[in-house]
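Everything on this sheet refers to the single structure shown next.
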Amino acid sequence: MIAVVLEKEMETNGKNNLRAPLLRPSEDVAVNFTQGSPRNEKNTRKVMFRIRGIKCASCVVSIESAIGNMKGIESISVSPIQGQAVIRYRPEFINAKTIKEAIEDLHYEVDEFPEQEICVCLLRIKGMACTSCSESVERALLMVDGVKKAVVGLALEEAKIHFDPNVTDSDHLIEAIEDAGFGADLISSGDDLNKVHLKLEGLRSPEDAILIQSSLEATEGVNHVEIDPMGQKVTVAYDPDLTGPRSLIRCIEETGQGPNFFNARLHTPSRRRETERHQEIRAYKNLFLWSCLFSIPVLVFSMVLPMLSPIGDWLSYKLYNNLTTGIFLRWVLCTPVQFIIGWRFYIGSYHALKRGSSNMDVLVALGTNAAYFYSVYIVIKASTSRSFEGQDFFETSAMLISFILLGKYLEVMAKGKTSDALAKLTDLAPETAFLLNMNGDGNVISETEISTQLLQRNDVIKIVPGAKVPVDGIVIKGQSHVNESMITGEAKAIAKRPGDKVIGGTVNENGCILVKATHVGSDTALSQIVQLVEAAQLARAPVQKLADKISRFFVPTVVVAAFLTWLGWFIPGEAHLLPRSWIPKAMDGFELALQFGISVLVVACPCALGLATPTAVMVATGKGASQGVLIKGGNALEKAHKVKTVVFDKTGTLTVGKPAVVHTKIFTNMPLQEFCNWASAAEANSEHPLAKAVVGHAKKLHQLYGSYNDHTVEAKDFEVHPGAGVSANIGGKMVLVGNKRLMLAFQVPVSPEVQDYMSDAENLARTCVLVAVDGMICGAFAVSDPLKPEAGHVISFLNSMSISSIMVTGDNWATANVIARELGISTVFAETDPVGKAEKIKELQMKGLTVAMVGDGINDSPALVAADVGMAIGAGTDIAIEAADVVLMKSNLEDVITAIDLSRKTISRIKLNYMWALGYNILGMPVAAGVLFPFTGIRLPPWLAGACMAASSLSVVCSSLLLQSYKKPLHIQDVQGSDEYSSSV
C-alpha cells in the first residue's frame, strides 16, 4: 500500500516530495505543538506508530494532548482513518520506547512500523580472550531493545551494531557491554564519517562556547557539534557536499566580535586504536615483569636451591612446628602474583560465570586456585603439626600466571601485526597540500601550503613531481605519469592528462599537474578501501562456526575432564593400587592426582581455536587490498576457494571496455553529421561502453568537420532497455539506438540491406549498433572493442587450475563466438539480457557448481548478486561494485586468479590453524592427564602446561602472519604503452 502511494506521489509531484511524510493528517485532527526551524529538525527524530482502537476524533485529541504535553515532544500528528501517528521528538529528553508506553497507558494497542531509521556504530571492545567472550558480547548487544544486528570481531576487538536510534543509542550499547563484564569505547557512529577536530583560542567563559556552538549548528551542512570548553576543543561532523573544514574555521573566527576574538586551528587527536594497542602491550609487559619479580624467586626456592646443598639448606629451617622458611617465603611471594597480578583472571571468571558462560579465565582461575589453596592448606597443616609433611604447589600457581601473561603479551604484539597492511594504507595520504587561489580567468593568484585535512571539494591543488596526491580529483592542467601501485597494485606508472582522474595516496612522478578535488575526507577512494577492508575483517567467515560450536562446550568439558583425571589418579592412589615408584618422594597420591588435574585444566586452550579464522582473514584481506584485490569479508573469502566455473562478461571485462566506432553505414539520404547527432543525443545519458563510443565518434567528427549545431539537443523520455539499447524523444522524434532486438521490440522493420550489414560486421567480431528515427532505420555503427592483452593468459591459467571459463554477453552470437574462439572459451551465451545472465548463473549452480561472475556494468549486477562470488572490475560502475563480493581495483583480469588463489591459500591456512589448535588440545590434554606417565615417566607439570597453552595461541597467530608473504601466482606485464590513448575517444 505504501509503495503504491509512494509511486503515485513520484508520478504526480516528482522525487522531491519523497522528503514529505506520506501520512498527511486532516487539518481537523492534526496538531503541531511547535513549528521547528530547519536547524531544530536536525536535532529531532521521527517515529511512526500504528495505533489500534481509535474510534473517533475525541480519541485523536486525547492522544495528541497527552503525548504533546510530554517534555521533548516537538510535534504529533494522528490519523484516525489510517490509525497511524507521526511524532517528532528531541532524543535528549525522551525516546520512542517511552512514547510508545505513554500511548499504551491510554489503553491503546501500539505497534511500531518495521521500516524505521537504522543507525550504525562501531565500538572497541576490551577484555575479550576467546570465541566465548565475543559470543557473550554479541548476545548482550542483541538483548538491547532496538538493536537489529550485531557483529563482534575477536581478532579486531571491535563490534559493529545496527540499531534503531529511536529506541537506543551508543551510550546504552556501551552500558550493556560493560554489564556483561567487558570494556567498550565508541570508535565511530553514522555521522562520524566526515569529522574535523579543531583547537579553539579565545574562549573566556561558558557563554563563548555556547555562542560558537550555536554559530556552527546554524551553518548549512553541519550535522553535529561537540564542544569541550575546558580543553578548548570542538569536534564537528559535517556534510562535505555543503561545507568543509576551512569554512567551519572561518565561521568560528567570524563569530568573535569586539573584545571576543576567536581563533581555530586544526587539531589531530592521537589514533585511539594504536594508542590502546600500545597501552595493552605495555600493560601485559608490566604485569609479566612484575610477576617474574615474584615468580622466579619462588621457582628458585622450590626447585633450584633445595638441590644445591649446603647453599639451600637454610630453606629447610623450621620457623614454627613443621613450617619451614622455604614454604613461608614461597607463600609470601606467591600471594601477590595470585591475587594482585592475577586479579584480571578473577574478574574475567566472575563476569563469564555471571552471564552463564565460561572462558579461558575460568580455566586459569580454577587451576591456579586449586594449586594455591591446596598449598595454603599445606602451610596451615605444617604450622599446626610437628609431624605433618606435604609438598606445596606455590611455584605452580606463580609460574602458571607468569607464563600465561607472557603468552598474552606475545599474542597481543603478534595480533597487532595482522593489521599492518591496513595501517600502511591509512598512512598513504600526505600531511600537506599546495592550495591554489585562482581568478575567474583561471590564472593562479596565490599558493598556500595547508593540511590535507583542510581540503574541501572543488579546491584546486598543485602536485609537483615526486609529491603524493592528497585527495581524489580530476586533472585540469598539465601532464604527468602517476604511480598507483600502492592503491591498485599496478606496477607501471599511468599517464595522466587533463580530464583524467587521480587517486589520493598515489605518487606523481615526472610532471607538474593541477588537480580539482572531487572527493575529500571519508569519500576518497583510499578511505573507502580502508572502510571496506575493516568491514571485511569484522565479518565472520562460515568456517568460524566450527570454533563457535566447540567453544560452547569446550570449557565445561575440560573442567569435567580435569575432575575425572584427578579422580582417576586419586582413587587408585588412596587404594594403594599404584606402584610406589610412580609417586615422587615429596608427594603423596592426592598431590600427584591434583597436579595431573591442574595440568589438564590449564593445558587446554580455547583461545587458539577462536583466533584460527579471524587472524587469517585479517591478514588475507589486508594483503589482498595491498595487491589491488578488495575482498568484502570472510564469506566471500571462503566461497572463492570452491569456485569451479568463472563466468565472464564480455564488454569491459574480457575486452578493454573502450569500444571504438570503426565504420559507419547510412541507409537513407540523411547527412552523416546529422545522423551522428541523433545517435549521440540519445546515447548521451547512457553509461554503456558502446554508448560512449558512439558519443566519442560524434565528437570527433565535430572536431574534424565542424558542427552544424553548437549545442546538443536535449533528450526527453530517455529510457534504458537492458540488453537492447536506449530510446529517447529528441526534438519531437522517437530515436532508438541499440541492437536488432530493440528494433523488433518497437516494431521497426529491418531490411535485407541492414541484415547483410549486420552479418558482415558480426563475422568480423564487430558489434552493430542500429539507429532508427521515427520508426525507420537510418544507419548503423560498426563498433569494435579490443581484447585485454592478459585475457588469453588468464583463461589458460584458469584451465590449469581446473576451473572452466564461460562467456555471457548481450552481444550477438557471431561476435561472441569469434571472441570466444580467440580466447579459448568453449561455452558461450550470447544475446542475453541482465535477467538472463542471472538465470544462466542459477542453471550452473543447479548442476552443483560453485560459480564466480566477473563483470563491470549495471547490466551485470543481477548476475553478480546471483553468483556465489561476484567480482567487479574496479573501473566499472558503482552499482556493480556495490553488488560484488570482490572488487578488482586494477581492472586487470589476472586479479581474478589472485582472488581465487589467495582464497585457497587462506582457507588452507585456516585449516592448518584448526589442525594445530585442535591437534594441540587433543594431544596435550591426554599427556597432561598422565597417559604417558606409567610407561615413560613423562608428566607435564602445571606451570609447563600453562606455558604450552600460551604457546598454542601464539603459534596460531604467527601461522596466520605467514600469509603476509603471499605472492601472485600470475603476473603479466602490460604489453600496451601506458600513454596510449584510443584515437576514437
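Keep in mind that glycine also has a Cβ here, set from the backbone N, Cα and C atoms.
No curator has checked TrEMBL annotations; they are predicted automatically.
As written in TrEMBL, here are the features:
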DOMAIN    45-111  domain 'HMA'
DOMAIN    119-185  domain 'HMA'
DOMAIN    194-260  domain 'HMA'
TRANSMEM  287-308  transmembrane segment
TRANSMEM  328-347  transmembrane segment
TRANSMEM  359-380  transmembrane segment
TRANSMEM  392-410  transmembrane segment
TRANSMEM  553-572  transmembrane segment
TRANSMEM  592-613  transmembrane segment
TRANSMEM  914-937  transmembrane segment
TRANSMEM  943-963  transmembrane segment
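Same-chain residues lying 6 or more positions outside the transmembrane segment (943-963) and placing a CB less than 8 Å from one of its CB atoms are 364, 367, 395-396, 399-401, 403-404, 406-408, 410-411, 414-415, 417-418, 598-600, 602-605, 607-608, 611-612, 615-616, 618-620, 623, 905-906, 909, 912-913, 916-917, 920-921, 924, 928. When the domain 'HMA' (119-185) is classified with DSSP, helix, strand and coil residues number 22 helix, 24 strand, 21 coil. Looking at 287-308, 553-572, 592-613, 914-937, the range that has the most CB pairs within less than 8 A of the transmembrane segment (359-380) turns out to be 592-613.
On the 0 to 100 pLDDT scale, the model's mean across the domain 'HMA' (194-260) is 82. Annotation: stretch 287-308 has the most Cβ pairs under 8 Å to the transmembrane segment (392-410), among 287-308, 328-347, 592-613, 914-937. In terms of DSSP secondary structure, the domain 'HMA' (194-260) contains 23 helix, 20 strand, 24 coil.
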